[in-house]
């Protein structure tokens with residue numbers, strides 16, 4: 001397997017861990033946030049380096065190996081491939097902008113140590129392929145949110161119940177994987193769908209948004225670790241009929257979440273359902289297993305990661321100023337925060353695939369793929385997207401318009417928030433105006449994934465199926 | 001490429017680039033928090049309109065001089081996956097349909113832009129208006145010139161968004177915002193129909209190019225490359241999209257609500273351009289309509305019902321803008337009937353004439369009372385007070401019923417609320433309650449902290 005020129009993967013995983021230790025050593029200082037931002041920025045720079053290095057290699061997969069770090073990590077554990085190479089910098093960016101947009105006054109409630117540990121775990125997860133290490137990382141990544149719930153003295157039963165079920169299903173499914181396809185496959189599917197929040201296993205997500213800090217909830221959900229788990233554990237082994245059944249379930253989740261997002265009366269819950277709706281659409285694309293559908297899903301993954309993180313941090317910025325945002329009435333905050341209003345609208349529109357934003361092409365591809373496989377049911381993707389669109393603009397109107405709010409307290413974006421917002425804006429608009437490079441790369445990854453899946457299914461064809469295929473071939477050649 | 005083709009290409013690209021450049025300038029300055037001055041904003045808008053109009057006129061002159069009837073502008077593929085035959089083709093076309101509509105758009109956008117410069121002078125949202133106006137102008141140019149259904153969809157979406165945002169222009173008041181929410185909801189659902197139609201067409205013909213869809217000839221001579229049952233399916237979707245955008249029956253309820261926006265936007269959207277966009281779509285895809293008799297009957301019926309409803313409703317309104325909006329609906333209904341009957345040129349001339357008249361009427365609407373006073377002063381007597389003609393000629397009970405029908409705006413909103421919105425909300429709320437019950441049972445405390453969210457935390461002095 002080709003090697004990267006520098007151990008980007010290991011270093012980018014270690015830096016946030018070192019950052020967590022550093023922040024712990026510093027204790028309670030005023031400039032703790034600045035230190036955390038520095039570590040997150042460094043991590044992002046390393047992941048971008050990893051991306052550039054990987055592209056320059058022109059290979060499907062690569063790993064890094066460095067004698068100084070070889071004793072910590074087994075070289076075969078962390079491998080970056082075309083599927084994950086964009087997700088790693090995206091994750092680092094999500095963590096950076098969330099930390100950057102944290103107001104100093106709210107920093108004590110938001111554990112930077114746990115955030116940096118979570119970043120390290122998430123980056124490691126995206127650098128791992130199906131293995132026991134990935135199982136361990138997926139389970140470990142659920143712990144920081146649990147610790148936060150405990151620290152905030154909130155009931156964590158719902159979260160724990162779901163995560164324990166997830167862990168048990170994942171461990172058991174992976175342990176018995178070699179014994180067959182059906183039962184282990186079903187267990188792994190259930191585990192990954194639970195992590196992805198597919199109906200009816202989504203309650204842990206709404207609970208986390210209710211009881212956790214908004215920042216942690218965003219970080220736990222927007223990188224779409226569940227979808228990654230589906231891609232690594234389910235996609236290679238599941239038969240086509242099973243994948244298509246899961247796609248229909250995901251489609252139902254998208255419509256269900258889109259419908260519930262409209263009637264929510266509080267901004268966090270609305271965001272949670274909007275995210276569920278969009279992430280379910282990504283799952284639909286992944287499970288179609290057609291090159292177009294897969295490309296659409298992978299493109300949408302990047303766009304949802306960018307746009308919904310932007311949408312989320314804007315809501316979080318507003319929450320940090322006025323506390324929880326009710327959507328039962330109009331707040332009229334436009335005059336106080338015009339920049340955040342503009343960004344809220346932009347990211348919201350990008351998340352629903354509005355033209356000239358990063359989500360547009362991905363959504364088009366996804367709909368094309370869905371309609372190709374299910375001509376009738378596929379139109380539900382369009383319906384779910386329409387529902388999300390209604391939710392986004394309704395939320396915009398409720399928060400920023402509809403009333404005159406003449407408070408003299410300054411509420412506009414702070415410099416750090418502005419930087420976070422502008423970085424995402426550039427990516428959202430840039431990706432929307434020049435989508436071809438992203439689409440080409442994602443299509444290549446989708447093609448490789450389809451090819452790998454085909455290869456694997458050839459290898460794994462059960463003897464009786466092989467016998468039937470052979471007899472069919474024989475009868476065909478006889479008739480010829 | 002011949003020199004003539006190169007000239008066409010340069011001029012065509014300028015037509016498309018100008019509104020996009022305007023949108024980029026106004027949008028980026030707004031996002032960066034930099035407030036452009038009023039005169040700069042309006043001059044940029046006027047410059048953009050001129051830079052779109054003049055190259056269009058140049059193209060028209062060249063077309064007339066050379067006898068060319070169809071000028072395609074190929075800007076290549078925005079996105080393509082050659083292996084999967086997927087491409088998002090940026091193709092625009094100047095033909096007998098797009099040129100009049102584009103020139104109409106430029107003229108009216110220029111006039112209304114100039115009107116707005118004074119009308120909104122020193123208004124707080126001056127820059128915001130022109131930003132949304134730029135989105136609209138860009139959307140209109142893209143929709144008018146689109147030669148593929150995907151490009152049309154891009155413009156279509158931009159027009160819808162700007163429409164909703166401009167209805168909510170006076171965003172300190174609650175009513176405009178509520179109306180904008182409603183309009184956006186209708187638009188989104190009708191846009192979904194257009195998107196499904198676009199994808200279906202892709203699957204049927206392998207491309208979204210109108211040229212490929214109309215297998216032979218340029219507008220209006222082409223014939224559909226799909227059979228009648230396929231045409232019926234796609235046509236119904238397109239009809240839903242057109243009904244949403246042009247406020248045809250039974251989706252007319254949003255039209256009076258849209259009058260909450262400032263007068264210039266009401267004039268340009270609901271008197272002139274946006275309201276005709278649905279009819280324009282039907283006109284553009286008229287070969288598909290011609291391919292299915294059932295579809296033709298549906299189009300004619302929908303247009304006729306909308307025209308009759310618009311006529312009744314416009315006569316009983318007490319608000320001049322709303323009355324004019326329904327009068328527009330009447331004419332749009334008649335235009336749709338003309339499209340259904342295959343009278344393409346008549347429909348196009350009707351669109352141009354009606355849009356100009358209605359824009360003028362709507363722009364004069366704020367000074368209506370003053371105009372009436374002036375007129376009465378000049379003739380030296382009161383103007384005759386016209387009664388509603390239908391009510392006078394029919395039996396009182398029947399007349400009253402029609403009066404109520406018009407006054408209640410055809411019961412369309414009530415029907416949609418009762419049979420679509422309410423059941424949807426009921427089902428969603430039921431699911432939400434079930435979720436609450438489950439989480440409450442599992443949790444040792446109330447599972448919803450969001451219930452405690454204050455309604456207006458920004459009103460008290462508890463901000464951070």
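Each residue, glycine too, has its Cβ placed from N, Cα and C.
The feature domain 'NADH-Ubiquinone oxidoreductase (complex I) chain 5 N-terminal' is assigned by TrEMBL to B:81-130. Taken from TrEMBL, the feature domain 'NADH:quinone oxidoreductase/Mrp antiporter transmembrane' covers B:151-365. According to TrEMBL, the feature region 'Disordered' maps to B:442-464. Per TrEMBL, transmembrane segment is recorded for B:6-28, B:49-71, B:97-117, B:129-147, B:153-171, B:183-204, B:231-255, B:267-283, B:289-312, B:324-348.
Computed over the domain 'NADH-Ubiquinone oxidoreductase (complex I) chain 5 N-terminal' (B:81-130), the whole-number mean pLDDT of the model equals 91. Counting only same-chain residues 6+ beyond the ends of the transmembrane segment (B:49-71), those with a CB under 8 A from a CB of the stretch are 4, 7-8, 11-12, 14-15, 18-19, 93-96, 99, 102-103, 106-107, 109-110, 113, 137, 141, 218.
Between the transmembrane segment (B:267-283) and the listed ranges B:153-171, B:289-312, B:324-348, the one holding the most Cβ pairs under 8 Å is B:324-348. Beyond the ends of the transmembrane segment (B:97-117), by six or more residues, the same chain brings 15, 38, 42, 45-46, 49-50, 52-53, 56-57, 59-60, 63, 129-130, 133, 136-137, 140-141, 144-145, 219-220, 262, 264, 267-268, 272-273, 280, 283-284, 344, 348, 351-352, 355-356, 359, 363 to within a C-beta distance below 8 angstroms of the stretch. In terms of C-beta pairs under 8 Å, the stretch of B:153-171, B:183-204, B:231-255, B:289-312 lying closest in packing to the transmembrane segment (B:324-348) is B:289-312.
Remote same-chain partners of the transmembrane segment (B:231-255), defined as residues 6 or more beyond its termini with a Cβ less than 8 Å from a stretch Cβ, comprise 156, 159-160, 179, 182-183, 186-187, 189-191, 193-194, 196-197, 200-201, 204, 224, 270, 274-279, 281-282, 285, 288-289, 291-292, 294-295, 298-299, 302-303, 305-306, 309-310, 313, 325-326, 328-329, 332-333, 336, 409-410, 412-413, 415-416.
Tertiary neighbourhood of the transmembrane segment (B:153-171): same-chain residues 125, 128-129, 132-133, 135-136, 138-144, 146, 177, 179-181, 183-184, 187-188, 191, 194-195, 198, 241, 245, 257-258, 260-262, 265, 269, 273-274, 277, 281, selected by CB-CB distance under 8 Å and a gap of 6+ residues from either end.
Under DSSP, the residues of the domain 'NADH-Ubiquinone oxidoreductase (complex I) chain 5 N-terminal' (B:81-130) split into helix, strand and coil as follows: 30 helix, 10 strand, 10 coil.
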